[in-house]
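If you look up Swiss-Prot, you'll see 92-99, 117-121, 200-202 marked as GTP binding site. Annotation comment: Swiss-Prot describes 83-260 as domain 'IRG-type G', evidence class sequence analysis.
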Amino acid sequence: MDLVTKLPQNIWKTFTLFINMANYLKRLISPWSKSMTAGESLYSSQNSSSPEVIEDIGKAVTEGNLQKVIGIVKDEIQSKSRYRVKIAVTGDSGNGMSSFINALRFIGHEEEDSAPTGVVRTTKKPACYSSDSHFPYVELWDLPGLGATAQSVESYLEEMQISTFDLIIIVASEQFSSNHVKLAITMQRMRKRFYVVWTKLDRDLSTSTFPEPQLLQSIQRNIRENLQQAQVRDPPLFLISCFSPSFHDFPELRNTLQKDIFSIRYRDPLEIISQVCDKCISNKAFSLKEDQMLMKDLEAAVSSEDDTANLERGLQTYQKLFGVDDGSLQQVARSTGRLEMGSRALQFQDLIKMDRRLELMMCFAVNKFLRLLESSWWYGLWNVVTRYFRHQRHKLVIEIVAENTKTSLRKALKDSVLPPEIH
């Protein structure tokens with residue numbers, strides 16, 4: 001302690017500044033590694049990959065073999081092309097669910113394969129319909145309506161096995177009842193995709209004294225206010241007439257449905273896989289930061305090269321370990337046939353510019369001070385300080401490379417794996 005107190009005043013101030021800077025950077029680095037999950041709001045889905053496929057993907061990511069990852073995922077996503085998407089149509093009895101299914105399929109109620117319709121309750125048990133010409137590999141399930149019995153919404157949904165469906169369409173007409181609100185609350189809690197469809201708009205227009213725009217606005221406002229009061233986020237809302245399947249919101253409904261079917265079949269499974277990849281990359285980054293042998297090998301080179309060269313060599317090492325070096329990226333680009341994806345690894349000069357923390361840690365003043373501490377007069381006393389600071393820089397580079405790997409892999413998977421979306 002006597003030695004420290006006898007330090008020249010300007011050196012002591014520099015040392016104090018250095019310690020404060022180290023503590024500040026440590027606070028900055030720590031929360032950065034706690035990345036936000038990309039799919040926190042992902043819808044629940046029955047269309048998931050097998051544990052064996054997930055294990056193979058995770059192993060390839062850990063090995064840094066992104067080309068192998070893309071190959072496995074591509075085969076997996078292609079196998080989803082014939083996944084049968086299950087859509088449930090539900091609501092209060094008498095809301096016109098069966099008529100809606102017929103209109104969605106562009107068939108009349110008099111046709112042989114149509115869902116039975118009528119004034120009295122016609123659907124007493126779940127019935128499955130399809131429309132291969134408009135919605136291939138999609139099951140449209142006409143569920144018995146709520147409200148005919150004293151059955152609670154919870155027991156009704158359990159009986160209908162609602163958790164097995166990929167998308168739920170809540171049909172309403174005349175009034176948006178408490179049952180509709182309860183259905184919406186439950187769908188949100190279960191993280192299910194769902195729509196609200198207001199049918200029989202033709203009847204509303206024929207009996208209302210309000211102009212059409214005002215009536216439509218009033219219906220929409222009433223539904224949204226009821227949902228907001230129940231703290232339900234705004235779902236897609238469509239106002240339609242089953243007798244006019246080409247007018248009002250019906251075309252928009254079909255377009256939205258086609259896109260969501262595509263998402264259920266392809267995008268949702270890919271997002272789940274991407275989250276697995278992200279987690280494996282994060283785990284690998286954590287292991288590398290704790291790898292003492294790797295740090296010692298890199299540290300051994302400090303005496304023969306300056307800090308910048310040492311950190312640049314570290315960047316190249318980490319990129320090879322994660323599979324995002326120039327050679328690996330070029331292989332990925334060639335194998336996917338998408339050279340425009342980019343086959344250039346992150347460069348050191350770009351690395352410094354893209355992260356303010358690393359730029360601060362590599363500034364002239366810090367490097368000069370580290371060199372001062374390495375002199376023969378200081379080495380024995382302050383070696384632990386310089387080693388700690390260098391380790392923090394390497395750990396930060398590992399985190400940056402890991403995040404860059406996540407971004408690059410997600411883009412490569414999206415560009416090379418997803419089939420063209422139906423518009």
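A Cβ is built for glycine as well, from the same backbone N, Cα and C atoms used for every other residue.
On the structure: features taken from Swiss-Prot.
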residue : record           : DSSP (3 states)
Asp92   : GTP binding site : strand
Ser98   : GTP binding site : helix
Thr117  : GTP binding site : coil
Leu201  : GTP binding site : helix
Tell me which of the binding-site residues Ser98, Thr117 sits in the most Cβ-dense spot, judged by other Cβ atoms within 10 Å. Ser98
Return the residue, from the listed binding-site residues Gly94, Gly96, with the maximum count of other C-beta atoms within 10 angstroms of its C-beta. Gly96
Cβ contacts within 10 Å for Asp92 (GTP binding site), all chains included, total 22
Show which residues of the chain containing Leu201 (GTP binding site), separated from it by at least 6 in sequence, have their CB under 8 Å from its CB. Leu239, Ile240, Ser241, His248
